[in-house]
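The structure appears below as structure tokens.
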Amino acid sequence: MPDAFFMKQNHLIARAKQLLDAGELVAIPTETVYGLAADATNLEAVDKIYKVKGRPSNNPVILHFASLEAATPYILDITEEAQKLAAAFWPGPLTLLLPKSAKVPDRITAGLPRVAIRVPNNELTLTLLGQLSYPLAAPSANPSGYISPTTAEHVTRQLGHKVSLVLDGGPCDQGLESTIFGWDGEGRPTVYRKGTITEEAIAQVLHSIPRTHTTKTIEAPGMLSSHYAPHTRTLITEDLVATIEEHKDTNFGVIALDSKMETKGLNHLIVLSIGGHLPEAASNLYSAMHQMDTKGLDLIIIEKAPDFGIGKAINDRILRATGGIKKKAP
């Protein structure tokens, strides 16, 4: 059985390489979300990503590499601090925003001077990347603005025949897009998108607490204010009981952080983590949103996470999904 499994994997990787070499799109698994991948050096292929997703042209894409060494020709300079972060978190859910070299087309960076790069932590995709002579441009494999996919089934349901192949690597471990980190124009360490690599984890490596990018200027992928959103109207709340009471005459569903609502007799309830464990809640968030969005509800109510550590990333995604519609505790 193991031999047959690996033979199947090898066949799929070979097929994926063949399609990518030909300028086609392939959905790839990562530890964060599934990506819609194309040869980053083939501008026609990159344009297919934007067309299939309906992605705004001012939204850059992340380049994926097998290693830091493979990424080096695509960046002007890698500082000692950047090398430390790569050593600490790669392969893994950290994207570095660094000055791009002439090898990176402006289409990839939306005309910006920096390129977003990372090494994903997924064996199937790393094996594929190791067989390619180019990096993969790969934003999330979903229509722009919709919930990111964390399973192959999500990709197939959303994009269908628009993708030549979906590499099924199972559910994504982390379930949230990568943290994007770089240095701003004044050289200050800056988090441009929150993720499961927290500010605290970065500070342990750099011995400096990074700031959070707060302006609306798009400087990296995934910074649009409305993003990761279900089709169903969605709000975030600090007080589930009060919000449920307010909407009791509405056909609603609840996504709760822990199991405290299981005794309330709700018709539509998904618990992200029985014990309220934030990494588990993060990994289940998008899957729960996908499930709720297929139920024909009028409203999805999502409980706000504690605003520390990974909870900050969870809340960032929920707020973008709701377009800022939130209910505060009384």
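Even glycines carry a Cβ here, placed using N, Cα and C.
Just so it is clear, the model here is predicted, and its values are computed rather than measured.
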According to TrEMBL, which candidate in ALA110, ALA138, ALA220 joins THR32, HIS64, SER178 at the L-threonine site: ALA138
From HIS64, ALA138, SER178: binding-site residues whose CA lies within 10 A of ARG193 (ATP binding site): SER178
Minimum Cα separation from ARG55 (ATP binding site), reported as the residue among binding-site residues THR32, HIS64, ALA138, SER178 that achieves it: ALA138
Nearest of the binding-site residues (ASN59, SER140, TYR228) to SER178 (L-threonine binding site) - Cα to Cα: SER140
The one of ARG55, HIS64, ARG118, ARG193 whose CB sees the fewest other CB atoms within 10 Å, among these binding-site residues: ARG55
Residue pair ALA138 (L-threonine binding site), SER148 (ATP binding site) - Cα distance, angstrom, rounded: 12
Env. residues of L-threonine site, Cβ within 8 Å of mean position of THR32, HIS64, ALA138, SER178 Cβ: THR30, VAL33, GLY35, ILE62, PRO93, THR95, ARG118, PRO120, GLU177
Listed in sequence order, residues with CB under 8 A of SER140 (ATP binding site) and six or more positions away: VAL33, TYR34, GLY35, LEU36, SER148, PRO149, GLU177
